[in-house]
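Working notes, beginning with the structure itself.
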2 protein chains.
Amino acid sequence: MATLGAHKKHKVTIVGSGNWGTTMAKLVAENVTANPTLFEERVDVWVYEEEVTVPKESRHYDPGSELATKPQKLSELFNTLHENVKYLPGITLPPNVIANPDLADSCKDSTILIFVLPHQFIPRVCDQLVGKIVPYARAICCTKGVDVSEKGIRLMSEAIGMRLNIYCGALSGANIASEIAQEKYSETTVAYDPPPMDSRAPTPSGSPMSSQVDLISPSKSVPSERSARLKALPNEYPPLSHENVRKLFHRPYFHVRIVDDVAGVSLGGALKNIIALAAGFVDGLGWGDNAKAAVMRVGILEMVKFGKEFFPDSAKTSTFTEESCGVADVITSCSGGRNFRCAKMAVEKGESIFEIEQKVLNGQKLQGTSTAYEVNSFLKQQGLEAEFPLFTAVYKILEGKAEPKDIPEMIEPKV
Amino acid sequence: MATLGAHKKHKVTIVGSGNWGTTMAKLVAENVTANPTLFEERVDVWVYEEEVTVPKESRHYDPGSELATKPQKLSELFNTLHENVKYLPGITLPPNVIANPDLADSCKDSTILIFVLPHQFIPRVCDQLVGKIVPYARAICCTKGVDVSEKGIRLMSEAIGMRLNIYCGALSGANIASEIAQEKYSETTVAYDPPPMDSRAPTPSGSPMSSQVDLISPSKSVPSERSARLKALPNEYPPLSHENVRKLFHRPYFHVRIVDDVAGVSLGGALKNIIALAAGFVDGLGWGDNAKAAVMRVGILEMVKFGKEFFPDSAKTSTFTEESCGVADVITSCSGGRNFRCAKMAVEKGESIFEIEQKVLNGQKLQGTSTAYEVNSFLKQQGLEAEFPLFTAVYKILEGKAEPKDIPEMIEPKV
């Protein structure tokens, strides 16, 4: 619902145009059209420009045509064909999604920035945006995972928020992109909990705003010293309430639940990959469905414990046990995800998972193995390896210091 | 640990000798041997007597032999071959498990009765035991499910406890019997929460006991008017604490968690079958892993809500979201369980699930369909159908009043 007095609309940009980014662009574009009082019709997608030909999977493939043989700019093909022929071929995009290869231009004047970049590109892209965005913009990070090292844990949303000095929430769930792009029913979790912000921020016209339009309960996801520097959204805009944020993402085929717990949502997306490895190991032994379910359950409880231990003020049990970003994402990842499949194959073939990774993934890397190493190095540093026996078991199996058949004994509760 | 002064040991009987009952007998027999100060060595199994020949699956099958051709009593074969050739062929049982076809004799002097009977036999078998058991016996019900009708919900454990006037807990989890019989790693949940009991019960020697040996915090699973009539265990016996109950069930391949919530554990085993039908329906549509995980997650939350609504003093959220009897049993049942498979096949073949049931199950009935009808009739009576949209959707699909493709819309949260 637009608020009385609001006469501006939110401009939305998707920063990233891979498989998941393009899927997000499609559903967000559908939603801005459905909510014309809240959002600008045009949705920009920042495309890292490259030259491509139209592949067989595209709806516009014709083996004899120029499209299939002569490389052209991805962004131009995107805007002509309304299809991301390289990263989401076969899916028609709404005409209000515009590919833009100029990063700063794509984000200019946008009040909502949706980050869907591979992990490693986030710092560099954010640095390029400093000073180029409106100071009261809000971000949602859809990149899964966290940065864990011996030094500590950094959420992707924190990395984005701190570099750009804006508030950044997170979106994660049982979300295989290709299924959502095909409008198959899915759910997701959006974590959005902006703190009270400084309403004296300069408005676009230069005059300070008279009131804080989006003051809500104090956020647990932003340290207070930083939140004091965040700029409130001018009240020319509709408020970015839970209700309006939900309208940006929720579709009949993509159900959204909104929570406050940015840490929990972010951790779920990272830690589930360790659980998927464990589930693959026991499934590879032929131990059946009881064993697989047991490992998943134990893994979910280690997620809960990890959240409580390291984000005591924010991470909530229910985020892991009740939301799509927790239990449902674990289920999906342990059904047929890469980490699960490679771990299972490694046990079945009696090879190391690194050999399987090389053979099967064609140069790509498993997320689960690096997360297992990072989490272990952090837990070791904290002296807490024994408190997370499943995460530790996975690490030891990867290191060749334990075998998959040792998992039950390693995770057996000491009574 | 045996308690000072305790000089008797617990005698254990397994009431029921099907696939699951025989599996329980095996693991309990291993545990009594491992804990000789707590438990009598001999474990009786009540066998419903029948005449059988040794089938191909048995370790003792020999096509030319008399065993394979001439029917003999099941209990005699059981005790000679240390194998339940009809219901758990191929698995060697410990020699301290004794099949006993005489129900009253099998339970005589037993302080621990483990019920593993098909649902429909529980009332009749209990009635035959009235007056034949020690008054301070304790029971654990391993039969899954609850009796739901328009009149209300009756837990199996309540049915047993009330008929025999003893305390009855419950055991349920992600427990496919054949996997546990093969000692593949599994977990389970035991709900055990006996109330304060009357210590003036006559002891076997006739004198009243001087103290209540097993007074623990007041139980939420037994109404107080009934608990006042329950007889305390004489202190000649080791206490039946959580620790000692755990020793009866926990094995290196069968991990036990003990909780207080009998209602939650019992409901989990019943309601998961409705969820498995829903998961089968969406999987049959080819909707992929996101959709299946979403339906499972929504189903777990409806379990939680059902428990809170109808067992407000006992059922806990964590029983459903964190224990084997909740989330893990849902996962196992939605992986390859019967209800899941038949629902999926029904959608794929465009037939009703009742047609599939007839073709595939050889006269047996799906638990999920009857539970879905019973739960719906109860919810309708309460005027609460709309509060449980997934359970209601499954019922409507079974009735032909909705289609699997309508599930997302039917369960979409109204905001």
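Each Cβ is built from the backbone N, Cα and C atoms, and glycine gets one as well.
Among the features that TrEMBL reports, domain 'Glycerol-3-phosphate dehydrogenase NAD-dependent N-terminal' is placed at A:11-193. The average pLDDT the prediction assigns to the domain 'Glycerol-3-phosphate dehydrogenase NAD-dependent N-terminal' (A:11-193) is 95.
Summarising the annotation, TrEMBL assigns NAD(+) binding site to A:GLY16, A:SER17, A:GLY18, A:ASN19, A:TRP20, A:GLY21, A:PHE121, A:ALA177, A:ARG338, A:LYS365, A:GLN367. Sequence-distant neighbours of A:ARG338 (NAD(+) binding site) (same chain, 6+ residues apart, CB-CB distance under 8 A): A:LEU361, A:LEU366, A:GLN367, A:GLY368.
Under the heading region 'Disordered', TrEMBL lists A:189-224.
What TrEMBL lists as compositional bias 'Polar residues' is A:202-224.
The DSSP breakdown of the domain 'Glycerol-3-phosphate dehydrogenase NAD-dependent C-terminal' (A:261-408), given as helix, strand and coil counts, is 119 helix, 0 strand, 29 coil. Residues or ranges marked as domain 'Glycerol-3-phosphate dehydrogenase NAD-dependent C-terminal' in TrEMBL: A:261-408.
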Taking residues A:GLY16, A:SER17, A:GLY18, A:ASN19, A:TRP20, A:GLY21, A:PHE121, A:ALA177, A:ARG338, A:LYS365, A:GLN367, which bind NAD(+) in the record, the widest Cα spacing (Å, whole number): 22
Among A:GLY16, A:GLY18 [binding-site residues], residue with fewest other Cβ within 10 Å: A:GLY18
Tertiary neighbours of A:PHE121 (NAD(+) binding site) (same chain, Cβ under 8 Å, six or more apart): A:GLY16
Structural state of A:PHE121 (NAD(+) binding site), classified by DSSP into three states: helix
Cβ neighbours of A:TRP20 (NAD(+) binding site) where a neighbour is any other Cβ within 10 Å: 24
Cβ-Cβ neighbours of A:GLN367 (NAD(+) binding site) (radius 10 Å): 22
